[in-house]
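For reference, TrEMBL has these:
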- Cys35: active site, nucleophile (ACT_SITE)
- Cys269, Cys415, Cys470, Cys473: [4Fe-4S] cluster binding site (BINDING)
- Ser316, Asp378, Asp379: Mg(2+) binding site (BINDING)
- 35-253: domain 'Glutamine amidotransferase type-2' (DOMAIN)
Amino acid sequence: MSDAVTSGKGLWTGSYYNEGHGGHDGLFDKLKEECGVFGVFGHPDAASLSYYGLHALQHRGQESAGICTADADNFHYFRGMGLVKEVFDQSNLPTLVGTSAIAHVRYSTAGESKLANAQPLVFKYREGDLAVATNGNLVNAGEIRQQLEKQGSIFQTTSDTEVVAHLIARSKHDDIVDAVKDALQQVIGAYAFLILTKDKLIAALDPNGLRPFAMGKLGDAYLFASESCAFDIVGGTYMRDLLPGELLVLDRNGLTEDRFTESQTRATCAMEYIYFARPDSDIDAINVHSARKRMGKRLASEAFVDADLVTGVPDSSTSAAIGFAEQTGIPYELGLIKNRYTGRTFIQPSQELREQGVKMKLSAVRKVVEGKRVVMIDDSIVRGTTSLRIVNLLREAGATEVHVRISSPPFQNPCFYGIDTPSRKDLIAAQKTIEEIRQAINADSLYFLTQEGLIDSIGRKDGVENGGFCTGCFDNRYVTYVNDSENAVGCGC
Ligand code: SF4
């Protein structure tokens, strides 16, 4: 039986002082990153490092943030709704003492925006205190939850993370590492887990390695993060990514490299390279910006079009646009500019403003595009509404032709592994032909990168099917059991 810890410093306070970003962004139709984790073992400033690490991972979740530290005697934790800089300040960060920490930023699907789900989740179990933070989604969490509830378990949250905490607490093993292995052997899905006790930090990656999870070092301290860019910000260095099915344990004996299961088909999320991850991150030692540039080059080889300039939809398509320009010799220009300061708005926009909504976030640069044939590179098309608005922005600014090139295959299927996607009926590529999509977004021409082109561009020579990448949202082939009747599954964090 797990109870939320109610003692110790830095209890979370329930300050709902803003509504956050929960749910789909009605103004900008993009897929949502879903959660980032950061961990530290063996550093006197574990909380401060976590704070900066979370800043670097802020793009993966803006709904809530939390840090839990451990010293020899106690856990200290604080969680709140909002951005990292809004949740933590001089009144709470210094209370988070200890040399180890786990930390989390969360994006939630609509309706789940509440502090109870903010992580790290902290529990008491028979062997002591336990804190858990995760990124991903368990496809069998609902079934396990039902079974546990029938057996008397009471859940405090709607998060998959709590399911794993219950499984750990109910394990027949007293040793925490054995209990974690036991729990993870029962769940199916995509996950990067960080588990903290007073004397151990455990990191584990799902058997297919679906979510990114990197290990780094800072002096003698060990760091873990959803993306390696979080190591740079604290002056750490990237060592390697966790292997599928791997379980790493840090305690007073140092690092123990272990496994909780045999590695299965590797299937790193291809969308991390295409869109989610920051360009300065390396995943499996492959730099994300460089991979995107190669996607742009490949796109140019597969679907050249004569034009006056190439522009990318900022920020995630800039790298691919540079690659397209390099390959073709067509100049790269800043035809579209992102307004970086829209952030949260306090009012719901009226329908009229919503119609124009994309202008709050993007502007076409008239002096650059006027009278020009433009190649517009974007990373994906989800519902198609944003693409139409951006093409129209360019046309209103005087572009004579707009040729759209997408640096991924058509996004036709929902994700079951922790990415918040609309249901199939709302995915334009699942409902229309390429020619119909071209007409719907008002483009002069439209081309999507082939799946082969995508995998070659990322460039990992795994020698396994699909290059060792998950491409389920493109080809409807998922590496685990999924319950497709649910159609779309958001983040289970
Ligand atoms: S289905 Fe798509 S978004 Fe989901 S893990 Fe696989 S590649 Fe990533």
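Placed from the backbone N, Cα and C atoms, the Cβ positions cover glycine too.
Feature annotations (TrEMBL) mapped to structure.
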| residue | record | contacts (Cβ under 8 Å, 6+ apart) |
| --- | --- | --- |
| Cys269 | [4Fe-4S] cluster binding site | Ala190, Leu210, Arg211, Pro212, Phe276, Tyr417, Ile419, Phe469, Cys470 |
| Ser316 | Mg(2+) binding site | Ile274, Tyr275, Arg292, Asp379 |
| Asp378 | Mg(2+) binding site | Gly312, Val313, Ser317, Ser387, Ile390, Val404, Arg405, Ile406, Ser407 |
| Cys473 | [4Fe-4S] cluster binding site | Met271, Phe411, Gln412, Asn413, Pro414, Cys415, Ile419, Thr421 |
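In this view, Cys35 (active site, nucleophile) is surrounded by 29 other Cβ atoms within 10 Å of its Cβ, with every protein chain counted.
Cβ neighbour count for Cys415 ([4Fe-4S] cluster binding site) (all protein chains, 10 Å cutoff from its Cβ): 25. A sphere of 10 angstroms centred on the C-beta of Asp379 (Mg(2+) binding site) encloses 25 other C-beta atoms. Counting Cβ atoms from all protein chains shown, Cys470 ([4Fe-4S] cluster binding site) has 27 others lying within 10 Å of its own Cβ. Secondary structure from DSSP puts Cys470 ([4Fe-4S] cluster binding site) in a beta strand. Candidate recorded positions: Cys35, Ser316, Asp378. Not one of them has a Cβ under 6 Å from ligand 1. Cβ atoms within 8 Å of the centroid of the Cβ atoms of Ser316, Asp378, Asp379 (the Mg(2+) site) belong to the same-chain residues Ile274, Tyr275, Gly312, Val313, Ser317, Ala320, Ile377, Ser380, Ile406, Ser407, Ser408, site residues excluded. Same-chain residues with CB within 8 A of the center of the Cys269, Cys415, Cys470, Cys473 CB atoms, the [4Fe-4S] cluster site residues themselves not counted, are Leu210, Ala270, Met271, Tyr417, Ile419, Thr471, Gly472.
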